[in-house]
Amino acid sequence: MASARKTIDVPSMPTGQAPRFKKRPPPPPYYLPLNITLYVFLVSNAIAAFLAPIQDCDEVFNFWEPTHYLDHGYGLQTWEYSPVYSIRSWLYVTIHAIVGKVASLALVTKSSQFYAIRFFLALVCAACQTRLYAAICRTLSPKIGLFFLMIVAFSPGMFHASAAFLPSSFTMYMSMLGLTAFLDWRRQKIAQGIMWFGLGAIVGWPFAGALIVPLLLAEVLVGFISGSLGTVVSGIFSGAIRCLAILAAEIAVDYAFLRKFAIVPWNIVAYNIFGGEGKGPDIFGTEPWTFYIRNLLLNFNIWFIFAMSAAPLLLLQAVFRPQSTKKEIPLRTLAVIAPFYMWFAIFTAQPHKEERFMYPAYPFLALNAAIAIHIILSYVGSKDSKGSNGALIAQAKLTIVTVIVLAAINAGLMRTVGMITGYNAPLKVFEPLERLDIPQAGNSVCFGKEWYRFPSSFFLPDGMRAKFIRSEFRGLLPGEFPDATDYPALFDGTSQVPEGMNDLNLEDPGKYVDISQCSYLVDSYFPSRDATELEPDYIHDESQWEVMSCKHFLDASQTGLIGRLIWVPNLPGLPNQLQRKWGQYCLLRRRDVNAEAD
């Protein structure tokens, strides 16, 4: 009853005694609470997980397919997983296979399992981004943290890297955690920072270990100057011990799968650097030195220019506005911006270039750009000039910078939408195969000229296998892992030396099947491209094939520059040079298979 309730009196604080709980100070300006920051990052990454096209066939054949093998007992195998070469670690794949296996307990289709793994990657990435954001706000400036958030959340580059199943993306996650530890200058988390960078280099990509060098050198120099070098050395030793423990765990896992001793990080370095004549990454293609400049301008637009200007702006600030830097440019600040320059220079000098090679440096690019914008705004927003004219000039400069920033965000969003609408057909075209009336057991889905766009066996129902037919391509295609029905058979399959594998990208005719064995076929049609004997127009061969599903696919060769770079709406009356031209990406069914189903 209401009348029976007692009123509880809060005793008053004795005079002169401090309160037991102090009121929290208000957050600094421009600081976003971490829960909101996490949601922003997660929404951005989740959109990528569910909509981003797969940009690299290496992601499918070297990571999605081995994961499918561990979860479902069959899949495609590349030469890198042969025990002869052992340049891919099973530890990295096993982590994702466990996620997929757990997800399969609640999900019906294998494609849902695929997206569950992607969402897991998006969540991990968002957590790492949030931790780095918090460290930037705490150590550098909440304004820099806010700019970092904007760049990361709205850049096409981070959109693709955030949920990609690639060691370079995993290394990017670990680089963010490592940088977070090194930014915590007061707590001396050197060992933790080394551990995170080491985890990325050992389990992910060994070359990414170079990113820690400027940060570690700065800690040694600061320790030497401040007289705390012993503490720094102790932290380095502790971090090295942790890295050795990680390496030992990886060697143990790989030994279980390969049944041989293998140090995969060393094998990767040896193949890429000491491969010898006719071997190494260059056999897969080379690019001019301007490749990464063009690529980063596409994926980060003006943010890339800001990132490259961070060091010059810091130097100019030290010379012309020394009061803004107190006494001198902090050594640690230079160490924070140095990794991006170093990474960019190293990989620009390499003949073989791929977009994913830049992924580990993306957080450093975003941080450099945020620092540069902060310096620019601190100048253009100042009111050094006396009177109202000075205030008006500063306001005009600030408005111009704001317009540039908003334009960069808009350009990034338009490119992201353009990539989704132009190239995600391979993720959508297999949906009819999930119908219950489709015959599955023993059927093959074949790929000819579209072999490199296969999104993985996760998009094929149980019982269907991916096969290859001959096309104009003359390199080495993946083979198949031995079928496995239990875990002992899985370990037997991963330890067997497959036939027809080589590290020279030489074609193996044994990887092909005759087209008569194909129940289904994936093909594309672009009006501007001529058919050949090995790549005929299967889509319009209605006597042999029936179209089950077709999706629009951007014809980059016929689309103008603007239409290739960003999303352009299909409006009537749009000039021809702005219109996006389309081809068809289709799933076909053999006519006799259709008759059997009926």
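The backbone N, Cα and C atoms fix where each Cβ goes, and this holds for glycine too.
These numbers come from a predicted model, not from an experiment.
These come from TrEMBL:
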- 1-24: region 'Disordered' (REGION)
- 30-54: transmembrane segment (TRANSMEM)
- 89-108: transmembrane segment (TRANSMEM)
- 115-134: transmembrane segment (TRANSMEM)
- 146-173: transmembrane segment (TRANSMEM)
- 194-217: transmembrane segment (TRANSMEM)
- 223-245: transmembrane segment (TRANSMEM)
- 296-319: transmembrane segment (TRANSMEM)
- 331-349: transmembrane segment (TRANSMEM)
- 361-380: transmembrane segment (TRANSMEM)
- 392-413: transmembrane segment (TRANSMEM)
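Across 30-54, 89-108, 194-217, 223-245, the stretch most heavily in contact with the transmembrane segment (115-134), judged by Cβ pairs under 8 Å, is 30-54. Beyond its flanks by at least six residues, the transmembrane segment (223-245) meets 188-195, 198-199, 202, 216 of its own chain at Cβ-Cβ distances under 8 Å. Proximity of the transmembrane segment (194-217) to the transmembrane segment (30-54) is not established, fewer than 3 Cβ-Cβ distances being under 8 Å for residue pairs spaced 6 or more apart. Stretch with the largest number of CB pairs closer than 8 A to the transmembrane segment (331-349), among 30-54, 89-108, 361-380: 361-380. Below 8 A, the CB atoms of the transmembrane segment (30-54) and the transmembrane segment (146-173) form 3+ pairs separated by six or more positions in the chain. Away from its own ends, the transmembrane segment (146-173) comes close to residues 30-32, 37, 40-41, 44-49, 52, 54-56, 58-59, 63-64, 67, 92, 96, 117-119, 121-122, 124-126, 128-129, 132-133, 136, 200-201, 203-205, 208, 296, 298-300, 303, 355-360, 362-363, 365-367, 369-370, 373-374, 405, 409, 412-413, 415-416, 419 of its chain (Cβ-Cβ under 8 Å, at least six residues beyond either end).
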